[in-house]
Structure formats: C-alpha cells, structure tokens
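Below: the structure, in structure tokens.
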Ligand code: UD2
C-alpha cells in the first residue's frame, strides 16, 4: 500500500504533463490553423454600383399586370431590351427612380449654316417637354455663335456654345458630328454629365420625353422603316464599306437623329463610327446615309439596351399611325432649297 501511495505524486505529475502537452499543442495547432485560414480566405469585395431601378421613397402607383399590356406592338427586342411605347411603362415609377439622383443629361445639337434657323423651336420646345425637372446641359455646335437664340431656361439647365467650321456639303456636316461628339465627350462632357442624348436640330418636341428613355445604350427606331422588312432597310450594302450589312442581317433600322446612353457608351459609338467613317473616306467611300449607316452597323453588333419607339422620332409630314399614341419628338418639314442651298 505504502509503495503504491508513494507513486501518487509521480502519477499526478505525469497526468498533468500530458494535459499540459495536449493543451499547448492544441492551441498552437489551432492558432496555426486559424492563421492559415485567415491567410488563405479570399477577401470578398463588392463593386458598389447603384441599382438602376432603386426607388428612394414609398410611392403609390397603379398595380402592374402580369397578364395584360399592349398587344399591338412589340415592347421587347429578341435580346430582351425594352422598346419604349406609351402605356408600356408607368411615368410615376420612372420619376421616383430617377428624380432624386441629381443627374445631368448632356444634349448635343448641331446647327451649322442655315440650320441655325431651327434652333429656337428646338430649345423652346425642349424646355417645355424634354427631361423636365432634370439638369440638362445643352452643347450647341455652330459656325455662327452670335445667332444662337436666347431662350429662357429652367433652373438646372444651361448651354455651352462650341464654334465649329462650316461646310458646303450637308453630308459632311452630318458625318462630322461623330468626331466632334467624341472630342467634346473627352474634353468636357465626361466630367459634366451622367447621360447624353445626341439629337437633330430640325425637330420639335410635342410631348413629354422623360427618364423612361434613359439606359446604358439607347437607339431609336426610324419612323420611315419600322413597318418594313430588313431587305428594304437603306443600310449600306457595299461590302467594301465598314458600314456594310448584308441583306439577310439586321434587327431594325435606327434613326441617326437620336442616340443616347451613358456618356462612356456613347463615346464608344462616336469613336467607332468616326474611325470607320475615316477608313471609308480613305478608300473614297461614303456610306448610303453617312453616319446613320455606320450607326446601324454599330447597333447590329453592339445591341442597344433600350430602344425608343418612333414616338421619340417622328416626321411632321407623316400621318400618325394607329400604334403611335403620342408624338414626343418629330422632324419638322424643311425647305431643302433654303437650308441646303449647295446640295
Ligand atoms: C437623316 C437623319 C439624320 C442623319 C442624316 C444622314 C433622321 C430623322 N434623320 O436626316 O440624323 O443621320 O439622315 O446624314 O434620322 N446639319 C447642320 N447643317 C447642315 C446639315 C446638317 O447643322 O447643313 C445637322 C443638323 O443638326 C441636322 C443634322 O445635321 O439636324 C442631320 O442633317 P439633316 O437633318 O439634314 O439630315 P436628314 O434630314 O437627311
């Protein structure tokens, strides 16, 4: 008995030693393991993009229907971009999504030579209907800055006049818009606006054109061709041109009078079309409808994320068709002998 009792302290020391050893090795291994986990775990960073469709406050509006909508027109493209027609969207929803963001919409418009005559009505009607309640920065390109009319602007709306050279050929003026839009985006607009629309000046606004038109890359259906087959679209058909589109290709025919989107996206459009116009010019090729042909080629391979219906680009001489529930923007009737005297 005495022999065994003399072994107690020894047993105690051995058991304590084993426990201490286990504890030390366990904590060391755990901390190594933890260190290892901390080291190898990838850090997750989310790119902060504001949700395009975020509503900043609660608001009452009509319940949307899943089963009923417009059935007389297509309101979505095969690549699932919306085609914007009246009664396919709720303006109350759009206003609440976009109004509190302090957005600036750059709006480029060219008035070279006699086209300065159209500037007054363009600006006056834009003030009444175009992006009402938003900051709008008009960039007016003209060879005659003194002739730009004084039109009273609402708060948050300003103009910058940019002097450009005149030209005898209207085709050249129309085409050179791409080059000047590219340059002005690089030098000014990229720091001064969020979205941009490039519009023709021989036009008037007749109804509201609001934030439902905003999107990453926005094209507009030409009013003359939206009911036609692709074979009869006036695309550039010569394969030597960089604007070439064969007969069995093409989605829609887009008008050159309305291009829009995020400033960076429209910069890509302008730069690509400018480069292709120059490449063609070096081979003495002028596409069928100048920059409009190049634009159509661009949009065939770089699909617009939003397509505006011909409500956003009508022609005054054209009778309203049944699917057009409103005309928002339209080309006025022009006296070609007066405005293009050298053609
Ligand atoms: C179509 C297009 C236009 C353009 C053109 C092809 C539509 C409704 N219109 O219209 O956007 O693609 O074909 O070149 O899609 N300009 C001047 N001074 C001139 C000539 C033109 O400032 O002497 C400017 C002006 O901003 C005008 C724009 O260029 O609005 C287009 O010229 P246009 O309206 O004469 O072209 P048009 O009617 O053939």
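Placement of Cβ uses the backbone N, Cα and C atoms for every residue, glycine included.
Caution: TrEMBL annotation is automatic and unverified by curators.
As the structure is a computational prediction, the values presented were derived from the model and not from experiment.
Feature list (source: TrEMBL):
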ACT_SITE  292  active site, nucleophile
BINDING   110, 111, 112, 115, 200, 201, 202  UDP-N-acetyl-alpha-D-galactosamine binding site
BINDING   200, 202  Mn(2+) binding site
TRANSMEM  6-25  transmembrane segment
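Reported as a whole number, the C-alpha separation between residue 110 (UDP-N-acetyl-alpha-D-galactosamine binding site) and the residue listed as 'active site, nucleophile' equals 15 Å. In sequence order, 174, 254, 255, 256 make up the list of same-chain residues 6 or more apart from residue 292 (active site, nucleophile) whose Cβ falls under 8 Å from its Cβ. Within its own chain, residue 111 (UDP-N-acetyl-alpha-D-galactosamine binding site) has 118, 119, 140, 141, 142, 144, 148, 201 as residues 6 or more apart in sequence whose C-beta sits under 8 angstroms from its own. Long-range Cβ proximity for residue 115 (UDP-N-acetyl-alpha-D-galactosamine binding site), meaning a same-chain Cβ under 8 A and a gap of 6 or more residues, is found for 173, 201, 202, 339. Note: the UDP-N-acetyl-alpha-D-galactosamine site is recorded as 110, 111, 112, 115, 200, 201, 202; in the same chain, 109, 116, 118, 119, 173 also have Cβ atoms within 8 Å of that site's Cβ centroid. Around residue 200 (UDP-N-acetyl-alpha-D-galactosamine binding site), taking its Cβ as the centre, 21 other Cβ atoms fall within 10 Å, counting all chains. If you compare every pair of Cα atoms in 110, 111, 112, 115, 200, 201, 202, the residues listed for UDP-N-acetyl-alpha-D-galactosamine, the longest distance is 11 angstrom.
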